[in-house]
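**Student:** This is the structure I want to talk about, given as structure tokens.
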Amino acid sequence: MAQAGSENKEPWNEETRAKFEGKSRSEYLDPCQEAAQRSIRCLHRNQGDRTMCSDYFEAYRECKKQWIERRREQKRKAGALF
């Protein structure tokens, strides 16, 4: 089974927050882009065999989950509803 890498960088940190808040509304920012790219590279290496890349998919899902939870938490602390 493929390894998702030992890098477990927090997706929503001060640097990411500043980038996210400073971007225009039409600009897309995904702090989990690196994890997404690793999963796509795994698919290419393994001729599209998703079972070989399940660790990478799980790492991406976990990254997105952490990112969304941290954003919600910061919005709650700031008193923003949306």
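Cβ coordinates are placed from backbone N, Cα and C, and glycine is handled just like the others.
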**Student:** With reference to Swiss-Prot, which of the candidate residues Cys32, Cys53 participates in the disulphide bond with Cys42?
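**Tutor:** Here Swiss-Prot pairs Cys42 with Cys53 via a disulfide bond.
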**Student:** Other than its own, how many Cβ atoms are within 10 Å of the Cβ belonging to Cys42 (disulfide bond)?
**Tutor:** 20
**Student:** DSSP helix, strand and coil counts for the motif 'Cx9C motif 1' (32-42)?
**Tutor:** 10 helix, 0 strand, 1 coil
**Student:** If you average the pLDDT over the motif 'Cx9C motif 2' (53-63), what number do you get?
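**Tutor:** Over the motif 'Cx9C motif 2' (53-63), the predicted model scores a mean pLDDT of 96.
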